[in-house]
Amino acid sequence: FCVMAAPGKVAAFRLPPLPTIGEIIKLFRLKALKQLSQNFLLDLRLTDKIVKQAGELKNAHVCEVGPGPGGITRSILSAGVEQLLLIEKDARFIPGLQMLSEAAPGKVRIVHGDILTCKMEKAFPKHLKKNWEDEPPDIHIIGNLPFSVSTPLIIKWLENVSKRDGPFIYGRTQMTLTFQKEVGERLTANPGSNQRSRLSIMAQHLCTVENCFVIPGQAFVPKPEVDVAVVHFTPLVQPKIQQPFELVEKVVQSVFQFRRKYCFRGIETLFPENGRLKRTEQLMMTADVDPTLRPFQLSMSQFRNLCNVYRKMCDEDPSLFVFNYREELRQKKIRRSLLESTGQPEHTEEENQL
C-alpha cells in the first residue's frame, strides 16, 4: 500500500470551496469502468443522506471504501469526522482525493489498495477499542460499493464479525453500504419472503440489518440497470447461531442449494451417499424441522437448531464436516466415465453392499 496524509491539524473544520464532483471528473478525465462496475454519485444531497444513515459522525473515525471521485468523501468530511481513511483500488482517483486531503489538513489518509485483501486490524488508533458487549466504537465503515465487490466483501466482513477480527477487532463497528436493490432486499428478507436467501441468514444471525432507503439508478453516472439500496449493519452482542462461521455457512448453503424444493433435499447434501437418508432424517427430527418446508420458509431458530444438531453429528464423526457433496458428484462422474470406457456396468449402492 502507498499511504499519504496531509500534515497539521485544525480545531474547527469546514471544507473550503472546491471544484464540483463533475469538474473533478472532467479535470482528471475520469471515466467509470464497466469491467469494475463503477457508478459515480454526483448529487451531494444524496451523498449527505447516505452519510446521515451512519449516525453521529462528529469526531468519529471513518473508513470509506472505494471513494472514487469523492462525492461521499465530501459529505463525510462535512459531518465533522476526526479522521477519514480512504481505501481506493483505482489509481486514477488518487489525485482528486489528494485535493480533498489538502483541503482537510490532518484529517485524511489515502490507501491505494484492494479492500478485499486490505488488513484492517491496524486501520484505527488502539484507544478506540471497546469490549464487544459495550456500545459500538466511534468507528464507521461507509462505501458506495461496486456491484462486483459488494457480495463477496459483505460475506468477508460477516466472517470478520463472527471471529471479531479485521475491522471488528475494535468492537461492534457499524457499516453503511450500498448494494443492488435486490441484494439489499435479500439481506433484510424475513422468513416466507421470496427474497429470503443464504445472505439473509448469514447477515441477520450476526447483525441488525436495516434497509435504509433506495436510490434510483438515474442518480448515478453512468446509470446502472438497477436501483441501489443503502443498508446499515450493527453487529449483535450475541449471534443468533452460536456456531463457527464455516459451519453455519455450510449448513445454510446446503439448505438453499435447492431453494424451490423441500428443505430436506438440500440438507441431504450435508451427508455422504452411504447412509444419507438415515442421517438426514436424524438431523431433521432432532432439530424439529418440518422436511416439507421450503428453504425460504425456515425461521432463524430452525436454522439454529439445524446448525447445533449438525455440530453434534460432526463432533461424533469428524469426517462429516470435511465431506463435500460436489466433490462426491465429481468423483462419481469420473468413475462412471471410466466404467463406460472399459465397457463395465456400474453397480448400484445396494449391489455394492451385498
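Glycine is no exception: its Cβ is also placed from the backbone N, Cα and C atoms.
Since we're looking at a predicted model, the values are computed, not measured.
What TrEMBL says about this protein:
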BINDING   Asn39, Leu41, Gly66, Glu88, Asp114, Asn144  S-adenosyl-L-methionine binding site
DOMAIN    46-237  domain 'Ribosomal RNA adenine methylase transferase N-terminal'
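Features recorded in TrEMBL, as mapped to the structure shown.
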residue : record                               : CB count, 10 Å
Asn39   : S-adenosyl-L-methionine binding site : 20
Leu41   : S-adenosyl-L-methionine binding site : 21
Gly66   : S-adenosyl-L-methionine binding site : 22
Glu88   : S-adenosyl-L-methionine binding site : 23
Asp114  : S-adenosyl-L-methionine binding site : 12
Asn144  : S-adenosyl-L-methionine binding site : 26
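The domain 'Ribosomal RNA adenine methylase transferase N-terminal' (46-237) scores a mean pLDDT of 95 in the predicted structure. When every Cα pair among Asn39, Leu41, Gly66, Glu88, Asp114, Asn144 is compared, the largest distance found for this S-adenosyl-L-methionine site is 20 Å.
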